[in-house]
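Working notes for the structure below.
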């Protein structure tokens with residue numbers, strides 16, 4: 001087998017016909033500036049070809065189900081293995097997908113509970129065991145010799161009625177005696193039963209004495225009793241004690257039944273086991289009392305009930321006042337001071353009690369009727385479900401939230417599944433074990449109390465569960481729970497989960513391609529991740545990791561630096577070799593940072609801010625432990641802490657949503673907290689994330705930043721356009737008029753090839769320009785609109801230097817380091833880091849009030865150290881204008897430049913959720929309890 005992968009003539013995206021050799025069975029890191037061509041080499045060339053070759057080996061019939069793989073633009077690749085890509089984009093947003101289902105641990109847990117679980121009655125009647133006739137007979141024969149007993153068949157358990165037909169059937173079947181409510185009667189002398197009382201009726205099948213040779217008769221009698229009572233039998237020992245047996249998993253006392261234990265019973269994705277109320281989602285759309293009564297200090301007359309306050313008619317306020325008068329509830333008392341009984345009446349109605357309602361509308365219509373008071377919550381529910389009006393449904397939805405399902409308490413499963421426990425009655429059910437953190441889950445699984453027989457059955461299942469939990473633990477995910485929805489995971493978390501799954505598969509000879517697995521990982525956990533990557537390598541796999549993390553680069557066997565710049569200025573191999581060899585390469589920007597020749601400097605002084613702050617008091621969402629956090633305004637703030645310490649909960653779930661609720665009247669409810677102060681000091685909240693700036697190729701930097709509007713205005717003002725009567729819309733490729741209709745302004749045409757990949761060719765009519773020939777005859781400075789869209793931002797800044805409105809917007813794109821991007825480049829081809837900087841550029845050219853609050857969650861994702869240096873300069877401009885910038889970040893180069901740090905921890909999950917230290921980087925570095933401080937110390941002193 002070849003000892004290296006050899007690529008000849010790679011030209012995907014901006015790659016410049018490069019040749020590169022990659023050693024096999026090594027940990028190879030591909031690095032370079034954002035947009036330099038790293039992903040084009042790793043994913044769009046290597047992975048695409050590896051996957052395509054595998055699919056090509058399948059039959060034409062199988063290929064039609066897998067979709068067609070496009071051949072990457074490369075001359076040849078030798079020594080390629082089957083490729084598996086682990087990137088950040090494939091997280092399932094399906095609410096049924098959880099950490100447990102993604103890692104397949106749920107499958108093993110379901111098997112464990114089906115094989116060694118014991119059901120317990122949900123009404124507290126103890127263990128429910130299913131017994132065969134043979135087992136029941138053996139149990140009865142353990143009773144002392146000469147013991148007298150009755151064998152009873154319980155046909156009625158706690159049911160109201162006279163049950164005459166039951167007694168008649170017993171008599172017809174030839175039985176002589178029945179026991180009714182504890183008294184034995186001749187079947188012909190049973191007294192008339194009360195219709196309104198609950199009764200128990202047992203058929204006396206046999207009366208016997210335990211002695212030698214009785215087994216055969218006992219067997220027949222028990223079998224008959226089980227048949228009559230549909231699987232139940234009572235052994236009455238005639239001395240006030242009874243033995244209850246069942247052929248099924250059913251409680252003999254209350255009749256609670258559990259079907260046969262099999263894995264599907266424990267799946268919330270199958271109707272057999274899922275909660276019928278929420279269909280296995282664990283959450284339901286319910287009316288949220290906090291949204292119905294947003295300000296409990298108001299009285300009913302002042303409008304405490306939001307849905308019935310600002311309304312087009314007075315119908316509901318009238319109804320409320322008349323009902324409250326009848327039911328004796330004060331209209332002028334603050335809602336919070338009303339009794340629980342009164343609050344329940346207002347929210348949930350009068351439980352059938354009626355009042356007289358008189359109402360006259362503005363058109364003279366009169367309503368005079370005796371009706372029960374419905375209650376505001378029931379009213380919202382009814383109108384939401386019954387209305388045909390989209391407007392009404394939207395209005396009612398404002399007062400609803402996804403709340404934990406009250407039937408299954410969020411466990412997603414039905415009572416039958418949740419009645420089964422492992423490790424005795426005090427052991428966990430499958431919902432409880434899934435709610436434990438990975439670390440606690442590991443401890444519990446190692447300490448389960450099982451019988452000798454159960455231990456033998458469970459051993460192989462527990463091994464698989466432990467192995468997978470250990471892998472998750474080793475990649476820094478010890479704080480996650482198996483019940484956590486996959487859609488709530490960050491890109492880094494979901495990637496490390498799939499990484500753990502791959503480690504568990506123990507494959508060898510595979511080419512793994514990873515995209516920044518260190519995202520969202522604290523420096524403390526980085527070593528464990530690198531150890532996991534090395535373990536995969538040692539199994540005989542080749543790992544190609546697109547990464548900017550300095551520690552990962554230094555630990556790599558081989559380092560490839562793509563560059564030297566980004567976009568058209570990149571696409572070449574600048575350096576390749578061991579990390580030490582790359583560090584000595586003077587042409588490599590990466591090498592200069594590795595050798596210490598280039599550094600991001602520590603600011604000489606920290607900003608003091610404007611003296612104001614926003615304060616969140618008593619935050620208690622997820623793992624936050626009644627945290628109070630103060631965010632000083634006019635500063636660059638970094639929120640830090642190990643993975644799972646509560647950073648995202650504090651910022652994204654509470655601070656961001658609380659500010660948005662106040663400033664933007666956003667209905668998205670923040671997490672639990674007591675109060676928040678200081679929002680009046682900011683006038684705008686801007687969340688700048690790495691999501692795409694557009695979902696279709698029609699969206700591009702020019703349209704996103706708004707500069708295309710100005711450019712179209714400029715073209716419409718040229719003499720040629722005026723003579724022809726062309727308006728601004730003529731120069732849009734999205735509407736009829738100026739665009740090429742053959743390709744609808746796309747510039748390309750898709751040709752379906754069925755069993756071969758779809759082919760995209762330039763439109764034959766417009767030759768890829770997007771516009772018709774008449775539109776292209778209009779020029780500004782000898783360039784038509786299509787040629788302008790093909791310009792890089794750098795070229796366009798010069799081209800439009802005498803048009804300040806356009807030049808200013810383009811300059812901001814250049815300032816954030818995106819000068820290499822073309823104005824018409826499809827938004828779908830921009831990386832996450834590029835999209836984020838495009839959003840920053842769009843913000844930069846807006847007039848600043850100095851009271852904006854910017855939030856960025858891990859802005860360094862996908863950014864090289866050189867890109868980070870540029871990003872920090874842009875963020876500094878926002879702060880220098882008086883605004884506040886807050887970043888959630890693990891990157892020490894960013895943290896060391898902050899004015900103020902809020903460090904959460906000390907651990908992730910239940911071990912986190914408190915603020916360890918706040919202050920300047922120097923103050924945090926001096927704190928012994930802070931993991932961030934420990935690593936920061938080296939950075940500050942090193943500089």
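Even glycines carry a Cβ here, placed using N, Cα and C.
Checking the ranges 686-712, 713-739, 740-766 against Swiss-Prot, the zinc finger annotation falls on 740-766. Checking the ranges 223-250, 251-278, 279-306 against Swiss-Prot, the zinc finger annotation falls on 251-278.
Residue counts for the zinc finger (251-278) under DSSP, split into helix (H, G, I), strand (E, B) and coil, are 4 helix, 3 strand, 21 coil.
Look at the binding-site residues 36, 643, 645 and count other Cβ atoms within 10 Å of each Cβ; 643 has the fewest. Confidence in the zinc finger (740-766), given as mean pLDDT, stands at 80. Sequence-distant contacts of residue 647 (ATP binding site), defined as residues of its own chain at least six apart whose C-beta falls under 8 angstroms from its C-beta, comprise 639, 640, 641, 888, 904. Within 10 Å of the C-beta of residue 32 (ATP binding site) we count 31 further C-beta atoms, all protein chains included.
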